[in-house]
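Taken from TrEMBL as is:
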- 1-26: region 'Disordered' (REGION)
- 79-97: transmembrane segment (TRANSMEM)
- 87-576: domain 'K+ potassium transporter integral membrane' (DOMAIN)
- 122-143: transmembrane segment (TRANSMEM)
- 213-235: transmembrane segment (TRANSMEM)
- 255-273: transmembrane segment (TRANSMEM)
- 280-302: transmembrane segment (TRANSMEM)
- 326-347: transmembrane segment (TRANSMEM)
- 359-379: transmembrane segment (TRANSMEM)
- 399-426: transmembrane segment (TRANSMEM)
- 447-471: transmembrane segment (TRANSMEM)
- 483-504: transmembrane segment (TRANSMEM)
- 511-531: transmembrane segment (TRANSMEM)
- 537-554: transmembrane segment (TRANSMEM)
- 588-826: domain 'K+ potassium transporter C-terminal' (DOMAIN)
Amino acid sequence: MEEEGDSIEEGTRSTAESKWVDGSEVDSEYVPFQEDEIGSMQEHGGLRRRLLKRPKRVDSFDVEAMGISDLHKPHDKDLSALGTFTLAFQTLGVVYGDMGTSPLYVFSDVFSKVPIKSEIDVLGALSLVMYTITLIPFAKYVFIVLRANDNGEGGTFALYSLICRYAKVNLLPNQQRADEQISSFRLKLPTPELERALNIKESLEKNPSLKTLLLLLVLMGTSMIIGDGILTPAMSVMSAVSGLQGEIQGFDTDAMVLVSVVILIGLFGIQRFGTGKVGFLFAPALALWFFSLGSIGLFNLITHDVSVLRAFNPYYIYLFFQKNGISAWSALGGCVLCITGAEAMFADLGHFSVRSIQIAFTCIVFPCLLLAYLGQAAFLMKKPSSFERVFYDSVPGAFFWPVFIIATLAAMIASQAMISATYSCIKQSMALGCFPRLKIIHTSRKFMGQIYIPVINWFLMIMCIVVVASFRNTNDIANAYGIAEVGVMLVSTTLVTLVMLLIWQTNLLKALCFLLIFGTIELIYLSAVLTKIREGGWLPLVFAFCFLCVMYTWNYGSVLKYRSEVREKISMDFMLELGSTLGTVRVPGIGLLYNELVQGIPSIFGQFLLSLPAIQSTIVFVCIKYVPIPVVPQEERFLFRRIGPTDYHIFRCVARYGYKDVRKEDHHTFEQLLVESLEKFLIKEARELALESGGIDVDFENEAVEPGSVDPTSGEGELRIPLLSIYKVDDLKASTSESGPMLPSSAMPSDEDPSLEYEVSALREAMDSGFTYLLAHGDVRARKDSFFIKKFVINYFYAFLRRNCRAGAANLRVPHSNVMSVGMTYMV
């Protein structure tokens, strides 16, 4: 697929834990901060200094980052009215499929727990459903949660990433000050009047337990979303197929299960073609489905009993609970199914805009769902015994088969949306270092969010078939479904409250009202669905626990491995003792050593020096690093630094990516762009030396470089050219000829600078000799004095995950003859 089609496979791991690993495995040292610089500053300045503490020294990476900071200001999605309405129409096929299919099973589940004995039962259940839709999707998500986006991206990990930018809560502290210069970071400083945000920030940063608790909360929400990816296809498809039981004689439960399994196999079988190809009719089909819901509901409302409009009076909810007691409480587990998929409004935000999702829900989804439930309630007022098949029985006879076909298609679309959301969620967790590296195939060159993960796809298919074949009815699956949905909503409520206090600096009373109102509603629903643990509710808890163990173990092992690498770094003094030959023979060529440290010399380099009879004349430590933002602009992606004296010819390159970025590169393009970028870095370095020798003093920490005044060969060039690109090198040369000089002409090195000319010629000679990829094959073991649990987790569970996740040579897609690897054991 990746050879001829639009799909592109993304590498996500290297041979035994070298780079091309997930961002969370890219580790570094914390830059030491000074705590005594606050001094005699004014109040506002003091708050700013406390938020952005200054490092003791200027980092060359920081200087490079300042040169391009704000080069491209992030901009909101500025669409015309027509464009917004077009996006709103498209959201029907991606965002609202799950919520749109809920009328298939909500009332059948509610009244399986509360028999219909009077109109109070119907009106009370209807009032519960209507106000649940109004409070959770409409009030909470449409008007509040959608605003808590991360530069246009939504979801649990997007909230966590947003919090990580304002407080160093990531357990892998690979932050650099240069990261804050990325234009899309968009930090907002606290105001002097609201020092509460700073207090929350400092509490989170100083308390390791709070960091771990926050991570566990995020991982739990993510695990619930993955569980949804299993339950949504099973629930939606079975609900649609169940309509045949009353229409075709002899169509029993076995036949329903068989047909559902066949549809699920077909659904997961076509995933490899990509969402864009599979779902080109999604939006029109869902628009037709919502039109059918509204029309059938309106027909039943007028035909059977208009008096159900009394359910707009919430007093009927009180009467419902007064009459049915514990049974009414149990029925809440079915009522919560009316908002399944509400989290998708936030999770799929990256593909649309806030306004488009708001318009679609307000103008189409919300009124059509209300009409659908009103119509079903009116039908039940006349025929209460039809609650098990209330949707299909309420459809006029002549329209059954067209509606059945549309309902089946809508169920598949709802499943497709949740499957795609699961892929995206796992990709984000891999980027932030919380999931083992898996093969990712990008099914579209235009939309980076359209991905396909084969292992997860077949795992979801097998689990869906097991669920359908085991439960054999929708009621037990509904019990499991409700726990997963409410669990995700509680996590989002907690994280959005933290965003309100830390980032929005919302009034404390408003933030507490948000938490108390929506948190209380969701806890009530959770208490109701938890009573159904024995009746299927255990399933999402088992799924969540398994995925939570996998993700937390991967993150825990990565943190320990990082700390081990930091402890075992090679000192610069030792490198100076070896001399420019590094104690061996330097042969022509460029060695690309992938490692996980953004600072210091990795210990694996020493293993190469000991194991190889010779080492390349030019060495580049390449570090792939993920930063907590969705996308890093390509011109701000790469930072270079020289390591050691000039004659050592050792450099470091940090390539920064966001958790939504796509890495697709050909190794030939990669090699050529690397050399071009490195040449421009050498030119910039020579000019800085010329500036210093000319007696000009520049305070790089306090003087930012104007974006429009950067010399095309001053060093910004190497940052403007993407190191990992799908474009040809020749197409990118034009990007280095845009602006004027940033240094005085007297400070610029001439073309006849002997040291620069020598180093550039040496670099080109090394390039002509070829590239070698230096990878590490590592093993992680717990120390002998560690606790038994740690030994079991690291030596067996984490080691198993590392052995079975994506390997590195396939990731880099380089000829095996170009790869050299050495083994190393990390004791943690």
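Cβ atoms here come from the backbone N, Cα and C positions, even for glycine.
Any TrEMBL annotation is an automated prediction that lacks curation.
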With a cut-off of 8 Å between Cβ atoms, can you find at least three pairs linking the transmembrane segment (447-471) to the transmembrane segment (280-302)? Only pairs 6 or more residues apart in sequence count. no
Cβ-Cβ under 8 Å with the transmembrane segment (359-379): same-chain residues at least 6 beyond its ends: 84-85, 88-89, 91-92, 95-96, 99-100, 102-103, 106-107, 122-123, 125-126, 129-130, 133, 137-138, 142, 287, 290-291, 293-294, 296-301, 303-306, 308-309, 311, 338, 345, 386, 390-391, 393-394
Among 79-97, 213-235, 326-347, 483-504, 537-554, the most Cβ pairs under 8 Å with the transmembrane segment (255-273) come from 213-235
Check the domain 'K+ potassium transporter C-terminal' (588-826) for me and report the mean pLDDT. 71
